[in-house]
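J.: Here it is, the structure in full.
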Amino acid sequence: MLVVKADYKKYPIPVLEKMRIDEDEFYKKYEACVVVQTCNRIEAYFDTEVNSDIDCILNDFSGFDVLKGKTATFHFLRVSCGMESMILGENQILGQIKTSFQKARELKKTSRYLDGLFLKAIHVGQRARTETKINEGGVSIGSAAVELAEKNFGLTNRNVLLIGAGEMGTLVAKALLEKHIKAVIVSNRTYERAETLAEELKGIAVHFDKLKEAINFSDVIICATSSPHYILKKEDLNDVGNKIIIDIANPRDVDDAVREFENIKLYTIDDLRNISDKNIQKRVEEVPAVEKIINEEYEVLMKQIEKINIEEVLKDFNSYVEEIRVKELEKAIKLSKTKNPEEIMENFSKAFVKRITHDFVSYSINTSKEDLMNSAWWKNGK
């Protein structure tokens with residue numbers, strides 16, 4: 001196998017965006033290949049048994065790193081487990097691999113080898129996430145905010161107000177999607193953005209001038225705007241009942257004086273960083289367990305590939321023998337009018353064996369023992 005890759009470790013996101021592969025053109029040009037592209041990763045996987053012109057591939061992917069053989073296979077298994085992701089153990093990459101593989105299969109661009117490899121990688125990614133805690137705990141600020149709210153207040157059947165529909169608000173929204181929330185309300189100065197995010201969350205969008213009513217209705221408030229001024233001041237929160245407010249904005253959205261209310265618990269981005277850092281450390285501690293799974297499954301994969309190779313060799317050899325049989329049989333049929341059956345069968349069997357041994361000897365004379373053991377000599381002997 002051959003992998004060409006470019007990712008966030010080497011290139012900034014704007015550069016990666018310019019390096020993205022035109023998948024329509026890619027799949028028109030190559031066979032036995034799969035492209036996996038995310039916002040911070042571009043990778044193409046090639047079955048080199050089919051794509052033998054490696055130089056052509058390398059010329060097309062100037063600037064990409066190149067991995068081959070065992071190194072390429074281990075890399076892909078690590079990618080599927082989230083071990084190569086910007087956020088260690090993240091779940092999204094596994095779904096992206098599945099989608100990319102499905103597209104290549106629908107286009108009939110995979111091979112028996114790539115089918116086995118991708119199915120194994122998906123299985124390994126699933127094992128890593130079910131048998132270890134590599135994907136547990138919020139490590140982004142957005143997911144940490146949701147985790148904090150759930151831990152301190154519980155989110156099941158709660159009403160959550162999200163103030164801000166920008167980048168940070170969207171991160172929170174993605175984390176909220178996994179929870180059994182009663183209702184989600186999204187408010188933003190640009191109402192259309194609130195509407196779009198609310199639709200994704202199957203929630204409700206409210207205009208900014210209706211914020212007071214939304215606060216009264218909510219149990220948990222998450223603030224994530226880019227405003228240079230406070231969105232919520234102390235006077236805005238008189239008589240609103242018990243609330244948890246999580247302020248992940250920078251600069252802050254909520255006046256610290258809000259802490260004076262006994263019925264309101266205010267958490268800031270500093271509290272979330274502590275949670276995020278602890279969760280990252282927990283994930284790092286799971287790395288050896290994931291690597292053990294990868295090593296185990298790699299050995300299983302190698303046995304599967306060896307079996308596939310043997311089956312392909314036997315198939316090719318049978319075709320080679322059948323080709324000789326047909327040719328020698330045609331000669332025997334032509335002789336059937338002038339010679340007796342016993343003589344014809346004798347000549348046929350000798351010619352059949354002689355042709356096979358001749359091809360083998362011709363190829364093996366100038367071939368090392370190691371190369372001979374690893375070769376399909378009958379292809380070269382023709």
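Cβ atoms here come from the backbone N, Cα and C positions, even for glycine.
Grabbed the feature section from Swiss-Prot, which reads as follows:
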- Thr38, Cys39, Asn40, Arg41, Ser85, Glu90, Asn91, Gln92, Gln96: substrate binding site (BINDING)
- Cys39: active site, nucleophile (ACT_SITE)
- His75: site 'Important for activity' (SITE)
- Gly164, Ala165, Gly166, Glu167, Met168, Gly169: NADP(+) binding site (BINDING)
J.: Take the C-alpha atoms of the residue listed as 'active site, nucleophile' and Gly169 (NADP(+) binding site) and report the distance between them in angstrom, rounded.
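T.: Given the Cα positions, the residue listed as 'active site, nucleophile' is 18 Å from Gly169 (NADP(+) binding site).
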J.: Near Asn40 (substrate binding site), how many other Cβ atoms are within 10 Å of its Cβ?
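T.: Other Cβ atoms found within 10 Å: 18.
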J.: Provide the number of Cβ atoms within 10 Å of the Cβ of Gly166 (NADP(+) binding site), excluding the reference atom itself.
T.: 15
J.: Pick from Cys39, Ala165, Met168: which of these recorded positions has the biggest number of other Cβ atoms within 10 Å of its Cβ?
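T.: Max Cβ neighbours within 10 Å, all protein chains included: Ala165.
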J.: Given the substrate binding site residues Thr38, Cys39, Asn40, Arg41, Ser85, Glu90, Asn91, Gln92, Gln96 in the record, what is the largest Cα to Cα distance, rounded to whole Å?
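T.: Across Thr38, Cys39, Asn40, Arg41, Ser85, Glu90, Asn91, Gln92, Gln96, the two farthest Cα atoms sit 15 Å apart.
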J.: Drop a 10 Å sphere on every Cβ of the binding-site residues Thr38, Ser85, Asn91 and tell me which sphere holds the fewest other Cβ atoms.
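T.: Counting other Cβ atoms within 10 Å of each of the binding-site residues Thr38, Ser85, Asn91, the minimum falls on Asn91.
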J.: To the nearest Å, how far is the Cα of Gly169 (NADP(+) binding site) from the Cα of Asn91 (substrate binding site)?
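T.: Cα-Cα, rounded: 19 Å.
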J.: Do me a favour and check the Cα-Cα span between Asn40 (substrate binding site) and His75 (site 'Important for activity'); whole Å is fine.
T.: 16
